[in-house]
Every structure is written in C-alpha cells, then in structure tokens.
Amino acid sequence: MTDEDRLLPIANVGRLMKQILPSNAKISKEAKQTVQECATEFISFVTCEASEKCHRENRKTVNGDDIWWALSTLGLDNYADAVGRHLHKYREAERERTEHNKGSNDSGNEKETNTRSDVQNQSTKFIRVVEKGSSSSAR
C-alpha cells in the first residue's frame with residue numbers, strides 16, 4: 001500500500017474545504033494536500049486508539065461510542081462533545097424512524113384490514129340487493 005492509498009481522496013478534502021471557506025476563497029493544491037495529510041493522520045490517530053480499546057475488549061467492530069471514548073481519552077474534549085451530541089441526535093432520529101415505521105406498518109395493516117372489511121361489506125350489500133331484485137322479479 002502506497003502513502004497515497006492511505007490518504008483521504010483529495011477531491012473530497014477539497015470539496016469540504018470549499019464548503020467551509022467563503023465562496024470567493026482560493027485553495028491551492030498545496031493547501032489541499034496538507035489538509036489531506038493532516039485529516040488522514042487525525043483519523044488514523046483516533047481510530048487506532050478506538051481499535052485498541054476494541055481489541056482489549058475482544059471486539060472486532062469499532063462503533064461510534066468507541067470513537068467518542070478515544071477522543072475523550074486523547075484529551076480532544078471539544079471533538080468528543082461534538083461526537084457525543086451527534087451520536088445522541090443520530091440515535092434519537094433512528095428511534096423515531098423505527099417508531100414511525102412501526103406505526104406506519106401497524107396502521108398500514110389496519111388500513112388493509114379495514115379495506116378488506118369494507119369490500120366484504122360492500123359485496124354483502126350488493127349480493128342482498130341482487131337477491132332482492134331477483135326475488136322481486138321472480139314474483
């Protein structure tokens with residue numbers, strides 16, 4: 001694996017820089033490469049700490065809580081606070097989405113059941129009308 005292979009994609013780094021800086025700002029190739037190297041190193045540093053924690057706990061998957069823990073352990077409290085808030089919001093949104101989907105499925109089934117009942121009722125009424133008509137015309 002070459003050094004370039006381990007770096008974040010330069011296009012993504014440049015796009016993020018453009019989003020953060022004023023629209024009239026110019027970004028040199030050297031600036032993009034420097035941020036690319038720093039951001040890659042930062043991510044590796046934090047991920048390595050989180051990965052070591054997982055290894056000690058005999059786990060193979062690094063999760064958001066591990067990243068939060070690593071940031072806190074490394075003394076990067078501002079980042080840890082931001083990640084903690086993000087994790088909380090993410091989990092809340094997931095919980096709401098799950099509840100909404102569960103509610104939609106339940107009400108969807110209820111609607112389907114109601115529709116079936118309505119069709120059956122309409123069919124029964126139609127049959128009665130037809131039977132009445134038949135018996136009336138038979139007289």
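Keep in mind that glycine also has a Cβ here, set from the backbone N, Cα and C atoms.
Taken straight from Swiss-Prot:
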{"type": "DNA_BIND", "residues": "8-14", "note": "DNA-binding region"}
{"type": "COMPBIAS", "residues": "90-115", "note": "compositional bias 'Basic and acidic residues'"}
{"type": "COMPBIAS", "residues": "116-125", "note": "compositional bias 'Polar residues'"}
{"type": "REGION", "residues": "35-46", "note": "region 'Subunit association domain (SAD)'"}
{"type": "REGION", "residues": "90-139", "note": "region 'Disordered'"}
| message | Can you break down the DNA-binding region (8-14) into helix, strand and coil residue counts using DSSP? | response | 5 helix, 0 strand, 2 coil
| note | The correct DSSP tally for the region 'Subunit association domain (SAD)' (35-46) reads 12 helix, 0 strand, 0 coil
